[in-house]
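*Asks:* Take a look at the following structure, please.
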Amino acid sequence: MDPRSRTLKGFGVSPGIAIGKAFLVDARHIPIPFYTLSTDEQVARECARFEEAVTEVERDLETIKQSIHPDLKEQVHILEAHQLILRDRLLYDQTLDLIRRERLNALWALKRSLNKITEIFQSMEDEYVRNRVTDVSSVGERIMNRLAGRKANAFDEIRERVIIVAQDISPADAAQIQLEKTLGFITDMGGRTSHTSIMAGALGIPAIVGAEQATRTIRTGDLLILDGSSGTVVVNPTEEQIGDYYELQDALETYLKEISRKAHLPACTLDGHKINVEANIELLEEVVAAKDHGAEAVGLYRTEFSYMNRRLPPTEEDLYNEYRELAELMAPLPVTMRTLDLGAEKMGRWHPGIEQQNPALGLRAIRLCLHHVDLFKVQLRAILRASAATRNIRLMFPLISGVGELQRSKAILEEVKSELRREGRDFDDKMSVGVMIEVPSAVAVADMLAEEADFFSIGTNDLIQYTLAIDRVNEHVAHLFDPLHPAVLRLIRQVVSTAHKAGIPVTVCGEMAGEPLYVPMLLGLELDSLSMNPQAIPRVKNLLRRAQLSDCRRFVAEALTMRTAAEIREALQDMVLRVFPEEFKFFDPEALQPKYRSSEPYV
Ligand code: PEP
Ligand code: MG
């Protein structure tokens, strides 16, 4: 056995097995010299060098943006944010100022500005904003690389198909990776919700994150086995291990091919019950992935992305064009447009911004729209106008906490309809209007909401956050964020039974819906549809096809008598391994610990 052979563990975030050579991404820090400039010419030259480096990075980011893989389109927003950061006062003006006033060399001046920005960010109350410092660092590093004369793309040196090993992969790095040469990713840092995870999932490339020792243990050229399901990395494996993993790889590939071949068929249980499987998307470009993976509708279109990272809010025309294109691309399948769900602190530069002590409980989503009715009306006009041609748009309001809010929202919708009628503009007058159930108070009055809504969509990400009092973006309590908490299951059951009594359907559109482990539970809880990220659809459909509604109902009845999430999880894991051995053979249900995915996009 090779004495350098060892096994590392991390989080498996994108299933699949990769066997190949490692490529360690250069994480050497750039040496930063310090010197002062003695003449005005030197100062002018250093300023010009800095400006040129910024322009080059601007161009690099533009090139990356233009050549981005279609499945990574979501990253475009992050790259745009990075372009804005490049010219930010704190970074750009401050660095030039330091060169001019203190006669510092550009690299040192930039380092000083970055330190200052880090300090400012670290003193912020809001964890979300605090975490955005990584974007600034990533931009700063790019400029430094340029100033130090390094290559813009660390991946240029890759000559064969490799497994990339890095401390972390920033969104801009991710967009530069040559996918045809990438067998898999391993990073030291990151959790299940990191960029590497989301990107690898979107591309279907096996990946492991949080393998803390990876870059210290692995050398470029080492042979690796990466098991993206269990989170295992075998460094310099034995012949026997390689043979075993090749067999597993074959079987897994056959299975994945098989489920994607059937992804376009409906998901009917063995006892003939049909569940709709729908897609959650955030960008127009993702419609392709939704359709390719067999989505039967867009169950959630998160409309907030078009409002972010902009100097001015989008116009009605901008939104109308976007929504209409989306509706046409999906037609005749339905598209569920969720009205703006943003917090006042994340509205981009055009909004005055409000300091919020606790944004999750602050002026967000429907509250923000009811506070800024003009903004709300522009979006409603765009949605209604877009509904005219294909008549496949459904509307839903996020974070409704009671009947008053729903009535007010619907009244504004009616006002907008009247305006459009007066203007002689066409729209779908029968457009369904739904309510997202995300706040426990909405569950308590679900019977009253149901009288005024055409459907419910349970946003479990928020419903769990508000029910268990766990900030969904706070990593210190992430382990407590548990969809199987008996309180959460009881609330879901209550919503479904109330809705069904009133004759309206219920979807779950939180992350829970796309987790195979939870699917038998949601089926037994009688949900009518599940909406999830497009890549999750084939596996969920396959699982549903192999399930019996009656068995799942029975399981839910039993689970609801259990007192703790841990007990329910254990019973569920036992059940899925017994009833769906094929479905979970390659995926370790033990590894499915409570997790959350922040939908909070990058600013
Ligand atoms: C949810 O809260 O579950 C949901 C789907 O909405 P978002 O994640 O966008 O808040
Ligand atoms: Mg939500």
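Using the three backbone atoms N, Cα and C, a Cβ is placed for every residue, glycine included.
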*Asks:* Same phosphoenolpyruvate site as ARG338, ASN461, ASP462, ARG472 according to TrEMBL: which of ARG302, ARG367, ARG425?
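*Replies:* Checking ARG302, ARG367, ARG425 against TrEMBL: the phosphoenolpyruvate site match is ARG302.
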*Asks:* Per DSSP, what is the helix/strand/coil residue tally across the domain 'PEP-utilising enzyme mobile' (159-231)?
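*Replies:* Taking each residue of the domain 'PEP-utilising enzyme mobile' (159-231) in turn, the totals are 22 helix, 19 strand, 32 coil.
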*Asks:* In Å, rounded, how far does the Cα of ASP462 (phosphoenolpyruvate binding site) sit from the Cα of GLU438 (Mg(2+) binding site)?
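*Replies:* ASP462 (phosphoenolpyruvate binding site) and GLU438 (Mg(2+) binding site) have their Cα atoms 5 Å apart.
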*Asks:* So which of ARG338, GLU438, ASP462, CYS509, listed as recorded positions, have a Cβ under 6 Å from an atom of ligand 2?
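*Replies:* Listed by sequence, the hits are GLU438, ASP462.
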*Asks:* Between the Cα atoms of ASN461 (phosphoenolpyruvate binding site) and CYS509 (active site, proton donor), find the distance and write it as a whole number of Å.
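*Replies:* That comes out at 9 Å between the alpha carbons.
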*Asks:* Is it possible to list how many residues within the domain 'Phosphotransferase system enzyme I N-terminal' (9-132) are helical, extended or coil according to DSSP?
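*Replies:* The composition, in the requested order, is 78 helix, 15 strand, 31 coil.
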*Asks:* Suppose we draw a 10 Å sphere around the Cβ of ASP462 (phosphoenolpyruvate binding site). How many other Cβ atoms does it contain, all chains included?
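*Replies:* If we count other Cβ atoms within 10 Å of ASP462 (phosphoenolpyruvate binding site), we arrive at 22.
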